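Quick look at what TrEMBL annotates:
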- B:C130: active site, nucleophile (ACT_SITE)
- B:S21, B:K45, B:A46, B:N99, B:N127, B:K165, B:I191, B:G217, B:G243, B:G244, B:G265, B:T266: FMN binding site (BINDING)
- B:K45, B:N69, B:A70, B:I71, B:G72, B:L73, B:N127, B:N192, B:T193: substrate binding site (BINDING)
- B:4-286: domain 'Dihydroorotate dehydrogenase catalytic' (DOMAIN)
Amino acid sequence: MNRLDIQLPGLDLKNPIMPASGCFGFGREYAKLYDLSQLGAIMIKATTLEPRLGNPTPRVAETPAGMLNAIGLQNPGLEKVMAEELPWLERFDVPIIANVAGSTTEDYVEVARRISTAPNVKALELNISCPNVKKGGITFGTDPVIARELVEQVKAVSKVPVYVKLSPNVTSIAEMAQAVEIAGADGITMINTLLGMRLDEKTGKPLISNVTGGLSGPAVKPVALRMVYEVYKAVDIPIIGMGGVSSVQDVIDFMSVGASAVAVGTMNFVDPFICPKLIDELPAKLDELGVKHMKEIIGRSHR
Amino acid sequence: MNRLDIQLPGLDLKNPIMPASGCFGFGREYAKLYDLSQLGAIMIKATTLEPRLGNPTPRVAETPAGMLNAIGLQNPGLEKVMAEELPWLERFDVPIIANVAGSTTEDYVEVARRISTAPNVKALELNISCPNVKKGGITFGTDPVIARELVEQVKAVSKVPVYVKLSPNVTSIAEMAQAVEIAGADGITMINTLLGMRLDEKTGKPLISNVTGGLSGPAVKPVALRMVYEVYKAVDIPIIGMGGVSSVQDVIDFMSVGASAVAVGTMNFVDPFICPKLIDELPAKLDELGVKHMKEIIGRSHR
Amino acid sequence: MIQQERMTVVCQREIAKNIFEMTLQGQIVQEMTPGQFVHIRVSNLLEPLLRRPISIASIQKEANEFTIIYRAQGRGTNVLSQKQIGDEVDVLGPLGNGFPVEAVDKGGTALLVGGGIGVPPLYELSKQLNARGVRTIHVLGFQTEEFAFYEEEFTQLGETYYVTDDGSKGFKGFVTDLLDELQLDFDVFYSCGPLPMLRALSSMYEDKKGYISLEERMGCGIGACFACICETNEGQEKNYVKICSDGPVFEKGVVKI
Amino acid sequence: MIQQERMTVVCQREIAKNIFEMTLQGQIVQEMTPGQFVHIRVSNLLEPLLRRPISIASIQKEANEFTIIYRAQGRGTNVLSQKQIGDEVDVLGPLGNGFPVEAVDKGGTALLVGGGIGVPPLYELSKQLNARGVRTIHVLGFQTEEFAFYEEEFTQLGETYYVTDDGSKGFKGFVTDLLDELQLDFDVFYSCGPLPMLRALSSMYEDKKGYISLEERMGCGIGACFACICETNEGQEKNYVKICSDGPVFEKGVVKI
Ligand SMILES: Cc1cc2nc3c(=O)[nH]c(=O)nc-3n(C[C@H](O)[C@H](O)[C@H](O)COP(=O)(O)OP(=O)(O)OC[C@H]3O[C@@H](n4cnc5c(N)ncnc54)[C@H](O)[C@@H]3O)c2cc1C
Ligand SMILES: Cc1cc2nc3c(=O)[nH]c(=O)nc-3n(C[C@H](O)[C@H](O)[C@H](O)COP(=O)(O)OP(=O)(O)OC[C@H]3O[C@@H](n4cnc5c(N)ncnc54)[C@H](O)[C@@H]3O)c2cc1C
Ligand SMILES: Cc1cc2nc3c(=O)[nH]c(=O)nc-3n(C[C@H](O)[C@H](O)[C@H](O)COP(=O)(O)O)c2cc1C
Ligand SMILES: Cc1cc2nc3c(=O)[nH]c(=O)nc-3n(C[C@H](O)[C@H](O)[C@H](O)COP(=O)(O)O)c2cc1C
Ligand code: FES
Ligand code: FES
C-alpha cells in the first residue's frame, strides 16, 4: 500500500513532497544527484513569455535561519522551456507544475495558454507573488480585485488546473485566497517569500543589488504555517504549503494546518538530497504518529 | 564628547539603545542585573486601563532564530503602574516610554491622558499592533483610517510626544506610517511582531494556547529592516527601529536604513546584559566605520 | 544574586537512555540552593535561540561545581549533550526559589516524590535534608527501567522506591498507586514531576504540608516577560505567580494546577 | 560526480592571521581537480544556514585527503574554524570546472597570479603543472605580511614573488605593478583574486592565453538557483554563465568582469 499518495486537481502525487519553484531550476542539476521520478511533483522555475536575464548580482544573502533572494525571474523564456526543458523532463515519471509569471495580464495568459499544452505539465502555478520584479508579480498578488480578474482570464485558456501562488506580504491572505477561489482557481500554493533586506556591513547600502529581496527558509516557517492555517479555514480548494520546510516534522506541520502537499525551497540548497530524504522518512513518521495514510494528517490542527 | 546621544521629540537619549516593550517588564528584574540609568530609554510593558491577566499558557514557543509569544498584554493596570511602577523607576536617570494599549478608543485615550502626566514618562508608544488580543490592538494597526482617528484623539490628550507602534502584518506599512504622521504622531516605533504559529509535534494542535503568536527575534530582522527603510522614505517623523537586534552591527543596520534609535526585545531573554553590552560596544564600532557620532549613521543607506 | 557566567564542563555522561548528567564549574555555584534552576544558552549561534531551564541536581560548593541531569529531547538539549569536557556553557542563575529545607525539623521525615525528569532536583534536596538530620523517603517514577537513574545515590540517602509504567523496575503503575499501598508516615512532602502526579499528591495528602515544583515554557527566566504565569487559588495575595521567579517551588495549594 | 559526504577533519591550524588550513578526509577527494571548489555546511543547525563555497587548495589522493585554506571572517567560517580533529563536516563537491592544466605544454611556462584568499587554488594547480613538467612562476599578493601564507610551499614549486599593500613582505604595491616591472615571459596565465586584479591582468596580457577564477554569492552551488550569474561578453554562445557550474574558472575574455 502506498501510504503517501495524494490526489489533487490535475495531480496524481506519489507522495506530497515536491521542490518549490525557483529552487530546482528545471531539474537538470538535481537529476545528476538522484532520480527525479521519486518526487511527488516538480515545480519548475518561473517561465515568462520572453527570456529574462533577471537582476544584477548579488542576488542572494544569508539571514538568521533564512536567506534573501532577488533573482528576478531569470529564465530562458517560454519557447525554450517548451522546446527544451519540458521535453527533457519527460524522461521522468513525475508531474510538472509550471510556474507562470509575467508583467501584464496578456503575458500571463499567453504563457498559461501555451505551457498548459505540454504533455507533462499537469498543473499551472500562477505566480502573482514574486517580490523581485518591478512590474507584475507582486501587484497582482496584493490586490484581490486584480488577482481575481487575472485568474479568471488564465482559467479561461488553461488546459490544466490552475493553482495560484499567494504572497505573504498582505494584511489578509485569507481574503486573497477567497478572491482567487471565486475566480475559479483549482488550488492555492503558499507562501512565496516575505519582502526583506540586508545591508552591506561597511557601507550600510543594501547588499542585494535589487535593494530588497524575498525572505525564505526556516525563519519564515511560523508565518507560513499561520497563513496556511488561515487559508484552510477560508477556502475549500486544496493548498500546497511551503515556507521553511527543513524536516519531516515540518512536512507534518504544514499538512496538519491544512496543506495537502508540501514544497521544499531553500533547503534544497542546504541539503540537495532533502526531497528524497523526506520521502524516505515519512512512513516511519506516520508510524510514530499512529497514522496509516498521509491524508489523515491533513487539517488535523483544526479538528 | 558623547558620541552616542540622540535627541528625539520628548526624548533626550544618552544613547540610542533601549529595551523594547514587553521584554523588560517595568525594569525591576533587570535592575538587579545592572544600572538602568545606562540605558537610552526604557519602553515599559503595555499598560491598559484595567489590570489584565493575559492569555492562558503556553504563551511562548521557540522557532528557528526566533520565538512566538502570546502574552496577551498582561499588566497590573493603569492605577498600579502609576502608583507603583513608574514612581519606582524614578530612581533611575532614564526617560520612560509608556506603551499604551486598549480595546477601545476610549481606553487608549484614558490611559494616554493619565500616564502622560507621570513625571518620568517622556513619550508614549501607542500600541496599535498587538497581535495577541482579540479586541483592539491589531485592528487599529491594519486600517489607516481607524489608526489615524485614534492617533488624533490620543494626541489631543497626551502631555508628551506620541510615538505609534506599527504592525508588520500589513500590505503597506508606509501607508500606515503616513496615516499616523498626518494624524500628528511625533514618531514611529516599529516593528511589532509578525503573526505566526507553531504546532505541538504530537497532536498537531497549536502549541500556543492563543493559537497564533507574535514572531520576534533575529529571524524577523530582514523584514524589519526593509520596513524601516520603506517608512523612512515615506515620512518625516523619526523612527525607533526594532526587530531581531542581537548585535552592535544590527544597531548600525537599523540606523542605516533610517532609525534614530533602536530597541532590543527578544535578545534580552537570551542575554540579559545585551543592552549595556551594545552601549559599550558602540563607540568602537563607530571608530571602525570612521564615524564620529552615531547620528551620522542615520539613513546612510539612502544616501 | 543572579549572574551570567561562562562555566566549564568538567563531566558529561549518559546515565540512562537519552538522560545526561553534566557537571559545570564556576563561581555562581556558591549561591545555589536545592530546587532552584539555571537557564542555559546551549550555543552562541542564533538557533536554537532561547535558553533552556534546567534544575540544579546537586551542588559541590567546595569544588565550585554543580550538576544537572537532563533529557536530550529537542534541539537545545541535543546540542547540550554534545558538549565535551573543557567546553564552556553560558549559564544564567541561580534562578527562582527552591525547596525550603527548613520546613522539616531535625529528626522529622520528608517524603520526596519525583517523576521522570522531575527527579533531579530532589537529589540535592535529599542531601541537604539528610545533612540536617531529616529522614528522607524517595519515591521515584519513570517510564521504564531504561530511563531510570541515580538508584545508588538515592538509596544511600534513604529508603527508595522505584515505580515504572510497565513494572520493568520496581513497582508497576503510578507513584500514587504505590503511595496508596505504602501508607507512609512523614511530616512534609516535596515533589517535582508531571502535573497529574502533582495534582494527585496534593489531594492525596491534603492535610499534610507539601511543596511542589512546576514547569512552564519560559522566555526570560527572571520574571520580566510574563511567559510562565500560573493562576493562584483564591485567597492568595496575587491572582497569579511567575513560575520562574516566584517559583518554581510553591507550597501545595497556592497555585491552580 | 557531485556527491555529499560527511568528511572527517584530520588537520586544522591557523597559518596566518585568521587564515586557517583544514584537511578533510573522504571518498570525494578522488574526483577533485585544481580550481574546483566544495560547498561546506558548517553546522547541522539552522544558523548559519547556507553552505560556504571554498576552493580546493591541495589534493592528496593516496590519503583520500584534501586541504582548504580559508579566512575566518563571518559567521560560517568562524564556526568552521572551531572544528577539531575528528569532527565531521558536511561537504558537497567537487563543484564547478577547474583550471585546465593541459593548456600549457610540457616545458612551457605558466604564470600564476593570486590575491589574498584567491591564492589557495593556485597551489594545487601549481603542483599539477609542475608534475606535467611545466615551469611555474607565482606572484602572490596579500594585504600585509601577517595575512601571507604558503611561502615555502610555493617556493618549492617555482619562482615566487610576494606583494603586499604596505611592503611588509616582498614588493610594495599591487601585483600588477610588480608584473609591469618584472616583464615576465610565459605562455599562459592563471589567476584568482579580487576583480580589479583580474581585470587589470586581463587587459595587461591581452594577447596571452589566460584563465581567471571568479567569486559570487551562492545559493545551491550546482547551477539550479541562478544566484551566481555573470554576463558574458559579446560573441559568446550564451549571454550569461553560472559561476558555480560553468565556472568558477573561465577563459579570459569570456565573461564581463
Ligand atoms: C524550572 C524548570 C526546571 C527544569 N528542570 C529540568 C531538568 O532538571 N532536567 C530536564 O531534563 N528538564 C528540565 N526541565 C524541562 C526542560 O526545560 C525542557 O525539557 C527543555 O527546555 C526542552 O528543551 P529542548 O531543547 O530539549 O526542546 P525543544 O523542543 O527544542 O524546546 C523548544 C522550546 O520549548 C521549551 N520547552 C520544551 N519543553 C519544555 C518543558 N517541558 N518545560 C519548559 N520548557 C520547555 C524549551 O525551553 C525551548 O524554549 C525543566 C523545566 C523548568 C521550567
Ligand atoms: C568559488 C569560490 C571559491 C572560494 N574559495 C575560497 C577559499 O578558498 N578561501 C576563502 O577563504 N574563501 C573562499 N571563497 C570566499 C568564501 O566563500 C567566503 O569568504 C565565505 O563564504 C564567507 O562566509 P562567512 O561565513 O565568513 O561570511 P558571512 O558574512 O557569514 O557570509 C554570509 C553569506 O554570504 C556569502 N559570502 C560572503 N562573502 C562571500 C564571498 N566573498 N564570496 C562568496 N560568498 C560570500 C557566504 O557564503 C554566506 O552565504 C570562495 C568563494 C567562491 C564563490
Ligand atoms: C532562489 C529562489 C528563487 C525563487 N524563485 C521563485 C520563482 O521563480 N517562482 C516562484 O513562484 N517562487 C520562487 N521562489 C519562492 C519559493 O518557491 C518558495 O515559495 C519560498 O522560497 C518559500 O519556501 P522555502 O522557505 O522552502 O524556500 C524562489 C525562492 C528562492 C529562494
Ligand atoms: C514576550 C514579548 C512580549 C511583548 N510585549 C509587547 C507589549 O506589551 N507591547 C508592545 O508594543 N510590544 C510587545 N512586544 C513586541 C516587542 O516590543 C518588539 O516589538 C518585537 O518583539 C520585535 O523586537 P525583537 O525581535 O527584538 O523582540 C513583545 C514581544 C515579546 C517577545
Ligand atoms: S520566563 Fe519570563 S516571566 Fe517567567
Ligand atoms: S549558486 Fe545556484 S546557480 Fe550558482
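If you go along the chain as it appears here, the first residue is 1 and each next one adds 1.
Using N, Cα and C of the backbone, Cβ positions are placed for all residues, glycine too.
Just so you know, TrEMBL annotations are computer predictions that nobody has curated.
When the alpha carbons of B:G72 (substrate binding site) and B:G243 (FMN binding site) are compared, the span between them is 19 angstrom. Counting in whole angstrom, B:A46 (FMN binding site) lies 13 from B:A70 (substrate binding site) by their C-alpha atoms.
A 10 Å cutoff on Cβ-Cβ distances gives B:G243 (FMN binding site) a total of 32 other Cβ atoms nearby, all chains included. Over all protein chains present, the Cβ of B:A46 (FMN binding site) has 26 other Cβ atoms lying within 10 Å.
A count of other CB atoms within 10 A of each Cβ picks out B:N127 as the most crowded of the binding-site residues B:S21, B:N127. Look at B:G265 (FMN binding site): DSSP puts it in coil. Comparing B:G243 (FMN binding site) with B:C130 (active site, nucleophile), their Cα atoms are 14 Å apart once rounded. Within 10 Å (C-alpha to C-alpha) of B:C130 (active site, nucleophile) lie the following binding-site residues from B:S21, B:K45, B:T193, B:G265: B:T193. The maximal spread of the FMN binding site, taken as the longest Cα to Cα distance among B:S21, B:K45, B:A46, B:N99, B:N127, B:K165, B:I191, B:G217, B:G243, B:G244, B:G265, B:T266, is 19 Å.
B:K45 (substrate binding site) has B:S21 nearby among the binding-site residues B:S21, B:I191, B:G265, counting only those with a Cα within 10 angstroms of its own Cα. Rounded to a whole number, the distance between the Cα atoms of B:A70 (substrate binding site) and B:N127 (FMN binding site) is 15 Å.
The two recorded residues, B:A70 (substrate binding site) and B:I191 (FMN binding site), show a Cα separation of 16 Å. B:T193 (substrate binding site) and B:S21 (FMN binding site) are 11 Å apart (CA-CA, integer value). Proximity of the binding-site residues (B:K45, B:A46, B:G72, B:N127, B:G265) to ligand 4: a Cβ under 6 Å from the molecule is found for B:K45, B:A46, B:N127, B:G265. Cβ neighbours within 10 Å of the residue listed as 'active site, nucleophile', excluding its own Cβ and spanning all shown chains: 25. With respect to their backbone Cα atoms, B:T193 (substrate binding site) and B:G265 (FMN binding site) stand 10 Å from each other.
B:T193 (substrate binding site) is surrounded by 27 other CB atoms, counting those within 10 A of its CB over all protein chains shown.
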